[in-house]
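Encoded as structure tokens, here's the structure I'll be asking about.
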Amino acid sequence: MKFIDEVRIHVASGNGGHGAVSFRREKFIPFGGPDGGDGGRGGSVYLVAQASLNTLIDFRYQRRYRAENGHGGAGRQMTGRAGHDLEIKVPVGTLVYDDDTHELLGDLRFEGERLLIARSGRGGHGNLFYKSSTNRAPRQFEKGGAGEERDLRLELRLLADVGLLGLPNAGKSTLIRAVSAARPKVADYPFTTLYPNLGVVRVAAHESFVLADIPGLIPGASEGAGLGTRFLKHLSRTRLLLHLVDMAPVDGSDPAMNIRALEMELAAYSPTLAARPRWLVVNKSDLLPGEEAEARFQQICTALQWESPAFLISAASGAGCEALVYAIWQALPDLPPAADPTQTEDWGDESDAGERLENWEGDDLDADWEEEQV
């Protein structure tokens with residue numbers, strides 16, 4: 001299944017039913033008066049968050065949604081049946097924007113959360129409503145009100161406690177495989193990861209946190225190089241970032257310079273994300289002898305003047321991973337909550353959302369999305 005995280009849809013609520021024009025006609029009651037009932041309301045449209053969904057791919061095949069219209073009123077003061085409400089299932093973590101005004105309508109963060117996005121049309125009054133002392137036999141009625149219509153842009157942002165950052169082949173996917181049950185693709189070439197992966201890291205029987213792995217960044221990503229910053233938005237809800245770096249890159253590059261380059265890309269994309277707590281994780285310690293690996297680790301930390309926590313690990317062998325996981329678990333309760341994306345101003349320019357969406361939907365990433373990861 002392809003991973004789709006932005007779509008456009010059109011929604012319309014149901015129109016209200018028309019009121020009825022009717023008069024009571026029974027034996028021995030020749031002038032029974034008006035008894036036309038009101039029309040029923042139309043159906044409203046709701047978005048409902050569902051935890052079993054993890055992509056917006058279904059909306060690529062159906063873009064238009066309409067709720068049922070209300071039924072017309074009838075004689076004997078009978079009100080028309082209301083139209084059925086329409087509930088559209090979306091993944092937990094979906095942001096809903098008005099596509100015309102770019103206004104944020106809601107953020108569906110919790111299982112079962114409902115958001116009204118198109119209110120139903122009101123049912124029209126029947127002629128009974130217009131009866132008065134001066135109008136004993138009214139023949140006027142009211143048509144049902146029109147339902148609301150709007151174009152929406154749905155944007156999925158994954159829910160995770162911790163996010164992984166790093167260059168391609170830094171070992172992010174290997175780390176998430178080592179500490180969770182997630183099984184992202186791992187291979188010895190750049191951009192093996194083409195879409196985000198989530199893994200649940202279980203520390204104890206009832207203690208766990210969620211780790212997010214996104215495709216690797218490269219210098220120039222904020223300007224579209226590589227896979228660009230398309231997936232950085234999925235780290236917007238995290239409380240802690242782990243900056244993974246290969247301590248012995250095959251291209252001979254300086255690990256400290258690689259980290260500085262990505263720090264600049266992160267700041268260019270979102271100052272809010274760049275200011276988030278970030279730990280340094282130096283990976284692939286198994287490639288060097290023990291003392292040499294420790295010396296290289298200290299050299300990198302010194303060159304960066306790194307003051308936050310730093311860890312030396314080997315995701316391939318598992319060395320140091322347990323200590324890293326335990327430190328994260330201890331730190332998470334004291335970390336501030338992630339910035340509310342509904343209040344954040346710097347997560348990319350919403351004015352060019354249409355262009356970004358068209359470019360994204362034109363891509364053909366034939367990658368299987370791991371449904372069983374979380």
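Numbers here mean position along the shown chain, with the first residue as 1.
Placed from the backbone N, Cα and C atoms, the Cβ positions cover glycine too.
I grabbed these lines from Swiss-Prot:
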- 166-173, 191-195, 213-216, 283-286, 314-316: GTP binding site (BINDING)
- Ser173, Thr193: Mg(2+) binding site (BINDING)
- 360-374: compositional bias 'Acidic residues' (COMPBIAS)
- 1-159: domain 'Obg' (DOMAIN)
- 160-333: domain 'OBG-type G' (DOMAIN)
- 337-374: region 'Disordered' (REGION)
Cα-Cα separation of Ser314 (GTP binding site) and Ser173 (Mg(2+) binding site), in Å?
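Counting only the Cα atoms, the answer is 12 Å.
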In whole Å, note down how far the CA of Ser173 (Mg(2+) binding site) lies from the CA of Tyr195 (GTP binding site).
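Tyr195 (GTP binding site) to Ser173 (Mg(2+) binding site), Cα-Cα distance: 11 Å.
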Give the distance between the Cα atoms of Ser173 (Mg(2+) binding site) and Lys284 (GTP binding site), rounded to the nearest whole Å.
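About 13 Å separates the two Cα atoms.
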